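Colleague: The following feature annotations were taken from TrEMBL:
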- 26-88: domain 'BTB' (DOMAIN)
- 213-245: repeat 'ANK' (REPEAT)
- 343-376: repeat 'ANK' (REPEAT)
- 452-484: repeat 'ANK' (REPEAT)
- 542-574: repeat 'ANK' (REPEAT)
- 575-607: repeat 'ANK' (REPEAT)
- 608-640: repeat 'ANK' (REPEAT)
- 723-755: repeat 'ANK' (REPEAT)
- 756-789: repeat 'ANK' (REPEAT)
- 824-856: repeat 'ANK' (REPEAT)
- 859-891: repeat 'ANK' (REPEAT)
- 892-924: repeat 'ANK' (REPEAT)
- 925-946: repeat 'ANK' (REPEAT)
- 1058-1118: domain 'FYVE-type' (DOMAIN)
Amino acid sequence: MNDDKEELLNELLQVLSRCYGSDKFSDLTIKLKNGVFNAHRLILYARGDNWSTTPLSQISSLNWEHIDAEISIAILKWVYTFEIDLPSNEEFVLNLMKNAGSFKLKNLCKICERKLIEFSCFDNCIKFYTIAGEIGATLLKNHCAGLISRNWSSFTAKDFKDTNAKWLYQLLKTNAEYPLHSAVKFQRLDLVEWHLNENKGEVAKIINQLDKDGNLPLGLALSDKQTPIAKILCEFKADVNAKDQNGWSLLQRAIQRGDDYSAEFLISHNADVFCVTPETLDTCLHLVCAHGESILSCDEPNGHFSPVGSFKNEISLDITNKMAHIAKILIEKGVDPSKKNAVGFTPLHVAIMTKNAKVFNILLEEESVDVNAKTAKGFPPLWYALYQTKHFDGESFAKKLLLKGAKADIVCSDKSETLLQLIILKNFENAALFLLEYIPSDVVNVNHMNKYGETALHLATIFGHTRLVLNLLKLGANVNIETISSKSTNFQNGDEYSGYKHTCLHYAIIQRQIKVLEVLINYHLENKTSKYSLDCNLKDSKGNTPLSLSIIQRFKEAIPLLLKGGADINVKNSEGLTVLHQAIINGLSDIAIFLLNNGADINLTTKDGLSPLHLSIDHHLPNVVDALCRHGVDMSVPNQRKQCPLWAALSSGQDDIALILVRNGVDTDAWGEGPEGCYQTLLHKAIDESSQHIAKFLIQNGCDLDTPRRPSPEGKGGDESHDGCTPLHLCCQWGLVDVVQTLLEHGAFINKTDSEGKSPLHLAIENQHKDIISLLLCHPSIDLTIRDKKGLTPFAAALTFRNNKAAQAILDKLPSAAEQFNNKGQNFLHVALQNNQVENVLFLLSIKVDVNSRVKDSTQTPPLHLAAAGGNEVLVRSLILSGAKVNEVDGYKQTALHIAASKGHAVVVSALLQNEALPDLCDTDGNNPLHIACKEGHLAVARVLLTESNLEADMINIKGHNPLHVLAIYGKENAAAICNLFIETISDFPLDKQDLDGNTALLLAYMKGKGNLCRCLVKAGACLGCMNRDGVTLFNYQVATKQLLTSLLDSLEREPPWSTGDICLECGNEFKFTMRRHHCRHCGRLLCHKCSELHTPIIKFNICRPTRVCEVCFEVIQGGAS
């Protein structure tokens, strides 16, 4: 059933669509603008019944000729087919919606609304909103209302000019925060009345309410010249004196913007004409005056500004004329033309500053106007009048003010400056000259001083106003007035000179105003009878006259003028400086020479004692130095550092000045105080300070070359004054090569000796200055045989200080130099060996000196002995290789082997033995090298002798001592070790051999208390029972304690050898036929029966049965057994 209905509906719709434009079944015609349309009542009725005021059933035609043809066709097509093609033409869609709305075709209206929403923008939203409201297009109306709200502040009165009051008022209430203000802005009197009538209860509040921009409704109406609205507002009691958020009234704002219409309207409606602006306190008349021919100037002296300058006005003659009319009205209403604002400006001040001639003339016409009124900072209207113009004819503000009674000599500013002084400070010379005509001729006014003590003449001098200076002088200005403060800020150049007590001359120099200086000086030279004569020698607070100040300021051109005016050329400032001193200090050579040529004193010194000559040297002014010399300056006077001029020049590197001094006859020696008060020349001083350049300069310019330093006339001076060192000696000490060469080139005496007999060559060698040595040796006059007080020739000195190169150079020049002997009888080889100077020795050997030359004294020591004593194997072998005799003996018949053995040099002993040294040669005491080694305790030497030679180890000396005896007598701590060496190397060494006194080595060692040696000998099998020729044995030798003997007996490990003899070694009885010989089986002594009657076993000897022993051994054995 539902499908049937749907099918029927579709078929009906298709029938309707086919009826569009067809006369089939047509029962109604519609007259269009361009023809007739055959319509169907049923179809139209289906869309609505608002096609005509008469029901469709009662009419046969409709008249649509008033509707655009395209609109009509679009409506009919939509009615029949539900189809509509909307073009991109907002006017077409808008008309379509209007007509669809008239036929109550809601669906078509909505289609149009949606399309118009797409078209809506800022430019058409108001129009769309109005039409939508008229036809009830809510959707479009709401959309446009939102768009208007978002752009509300951007709309102007022109946008709402034709808008329906009803719809616009709705927008006002919806969007405007201040509806009344908006109504006034849109210039809609109807809306203003509507709003005021609608809000009668709150009229007093809203009519005087400020909007967010601080505007009042009345102010807005007047600014747009909406007189009807303004009158309506006044009828509703709008306050004509209402103020904005800044406290400005409507009248003040109107005048500020140059609105004469508003101003007159307000004044005519009884606005307050006496009101003043907040903070600045400007009256309406001040504001009127601000509308001049130029923008308000802010150039007030000392940086003070007029509050009226808080706003700027466009230059408009029309506004100026209109405001002049308002000024008259205000004055007529009683506004005070001399009332001051917050900083003391009157309307007259402002009118002058803005060049408002019309208002200025109106104000001057008032009897009550004060033409001398000062601002808070003290500036009258005349100041601004003078400041604002360059012409002072009858129409000028300044001329009119003066004619009105303005004071020309009025004192202005907090610095007590007159109007004249202020004008000068602004560099307005013409204005100042104009003003002088109106200043009373009283001299006091011309010489008025500001708080710094500056007169108009001072200030005119600063700016170089020559005409003004001359006029002031003619009016009696005092050129000698001095300033009283150093805080003046009126100087114009950057290099400001501090201080005070400045005259105009000082100011002219500080500001470099040469023309002013000419006027000042020439005027007083031409007018010597004037009241105030010019004083060119007045000093400022720093003690500087104008002349000295010109030097400080390097103002050269001023100096001749000042001298012409009577300045004293030799006067000193507070620092004790004359102008000549100052010129030199400031490096002004030409000025200094000018001063010298004009009588400046060349002998005056500074507080520090510096003469002009020293100052010229210190500041490197060669031309001034030359000029001073030509004027006869003393060239010997020292400075505060005790430097003569020549030294001062040279020490500062000023050779050009030094040459000038030399050319003018300066003393190049200049004897003066040196170290410890001695006397020295400049050359000595230069060398002592290693100043080679200065030394060379002095030598080249004729100074004394050979004189040494000397005591002062008072006898002062340390070692330097007596050392006899010439400049050449000093140079050789300090290594000044260039100076040495210069000295030699200029004839310095090369062979002169000092107090120690040393020549310059000696000192050069001692100090290892090879370049100087070469220079000296190249000199043809060098004497290489000179000996110093120690007897050293230069060659000896070279070897002494290990300078082989110098020695070789000397030998090249003097081959015999190497064979010279000193006062000790030693030649250079001896000394070198004695001092173990390997390099020197090798050098001497290389030049083939005599290696067997003996020392010329009682020792007759050969070189090899000296080398052996030094223990240097290299030197020993080198001498032997060079031909030294190995077995040569000295004065004590000792060979080099003896010497090496005595010194303990085992390696040297070995080297000598390897080179066929004879080990058995004896000295004068009969000692061979082994005796010597044992005596000195040299174990290593003894080992070399015993193992590396075939010497006779038991050879005896003249005392009958073999080496072991010597060891026992003289042995050191290592004697036992040497003894062991003997026993190890010579198995059958005769340990019990006796000397000439019958002493064995053991007995001698026992008597010397050498326990270790005794034990070593006993252990080796030495006999304990031997007796010497004095009957002394180990057992009867008187010692403090028998402990050593006991320990020796106790240490016996085997039966010792038996002693022999004819007497009992205990009792001393001689053996006879009846008294047999016996021996102690423990110690081996020869005893009689009685002295050996004790018997005891000796277990350590493996003697188990009791056997015969002496009493001493018995006690030892028994003590050991217990």
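Residue numbers in this text run from 1 along the chain shown.
Backbone N, Cα and C define each Cβ position, glycine as well.
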Colleague: How many helix, strand and coil residues does the repeat 'ANK' (452-484) contain under DSSP?
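Modeller: Residue counts in helix, strand and coil order: 16 helix, 0 strand, 17 coil.
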Colleague: Quick one: DSSP breakdown of the repeat 'ANK' (542-574) into helix, strand and coil?
Modeller: 14 helix, 0 strand, 19 coil
Colleague: Reported in the order helix, strand, coil, what are the DSSP residue counts of the domain 'FYVE-type' (1058-1118)?
Modeller: 14 helix, 18 strand, 29 coil
Colleague: Should anything in the same chain at least six residues away from the repeat 'ANK' (892-924) have a Cβ under 8 Å from its Cβ atoms, list it; otherwise answer none.
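Modeller: Tertiary neighbours of the repeat 'ANK' (892-924) are 859, 862, 864-865, 867-869, 871-873, 876-877, 880, 886, 930, 932-933, 936, 938, 940-941, 943-945, 948-952, 955, 957.
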Colleague: Report, as numbers and ranges, which residues of the same chain sit near the repeat 'ANK' (723-755): CB under 8 Å and 6 or more residues beyond its ends.
Modeller: 683-684, 687-688, 690, 692, 695-696, 699-700, 705-709, 761, 763-764, 767, 769, 771-772, 775-776, 779, 781-783, 786, 788
